[in-house]
Amino acid sequence: MSTWNKALQSSPFLNKPLLPFEEWHIGFSEIAVGTRVGIGFFGEVFRGIWNGTDVAIKVFLEQDLTMENMEDFCNEISILRFSYSFAAISVILAVLFTYYFLFLIFSRLRHPNVILFLGACMKPPHLSLVTEYMEMGSLYYLIHTSGQKSKISWRRRLKMLRDICRGLMCMHRLKIVHRDLKSANCLVNKHWTVKLCDFGLSRLLSNSAMSDNSSAGTPEWMAPELIRNEPFTEKCDIFSLGVIMWELCTLSRPWAGKPPVQVTNILCTSLAPRHQM
């Protein structure tokens with residue numbers, strides 16, 4: 001049994017919700033879960049109904065919480081990196097502290113071009129995040145998979161880029177770096193409005209460039225400094241924005257036909273020539 005689960009079964013925490021702010025807590029039984037609409041590294045995404053509203057439910061794949069995957073879960077909903085100690089009680093206190101920042105950050109991170117966070121289910125085996133549902137899926141899906149390229153006019157492309165820029169500007173003003181900005185993390189609703197999502201790799205900026213040992217991300221959209229595990233600032237998101245801009249202009253996949261390892265090697269050694277994109 002993990003240290004985390006042992007701590008949860010101790011008397012101070014047994015059968016108590018981990019989320020200290022009741023307005024953010026959603027019981028999984030309150031949600032009518034429908035079809036699966038996506039799957040990622042950390043979880044599956046389902047369409048559902050909550051309080052009569054269409055929602056997206058991201059169910060965490062790993063329900064046996066360890067220090068590592070609890071941090072992933074907390075990063076997703078708090079956009080905050082936090083180092084947990086291995087003492088059980090310290091782990092719990094660290095999580096509660098993280099959720100305090102969840103309340104502070106998400107109460108501020110309200111923008112028409114950032115996905116609307118509705119709450120979280122905090123009891124295994126249903127650890128999950130609940131957000132608004134975006135009917136048209138991801139920008140990546142629209143461009144490369146849906147067969148709707150002909151509907152993406154230049155007027156719509158410019159509006160989509162404007163939406164992404166506005167959402168990113170909101171994050172950067174709050175000193176939040178996305179670090180995994182890509183077309184798959186830009187969701188589109190039925191009005192063709194784009195909203196940023198998936199903050200599992202996001203970090204709060206300090207006053208200087210930051211370092212991080214994690215090289216997770218998608219190489220085709222990643223800034224070279226992230227691939228090299230070098231100090232980074234919000235400028236790494238601007239690099240990714242440039243790739244999305246190229247993607248929308250050409251309606252093509254970045255680095256098409258090149259395996260991720262080759263893309264990584266090119267970006268690690270030099271900035272790629274334009275024609276190689």
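Here the Cβ of each residue, glycine as well, is placed from N, Cα and C on the backbone.
Per TrEMBL, these features apply:
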type	residues	note
DOMAIN	31-277	domain 'Protein kinase'
BINDING	LYS58	ATP binding site
TRANSMEM	82-106	transmembrane segment
Mean of pLDDT values spanning the domain 'Protein kinase' (31-277): 81
LYS58 (ATP binding site) CB neighbourhood, other CB atoms within 10 A: 25
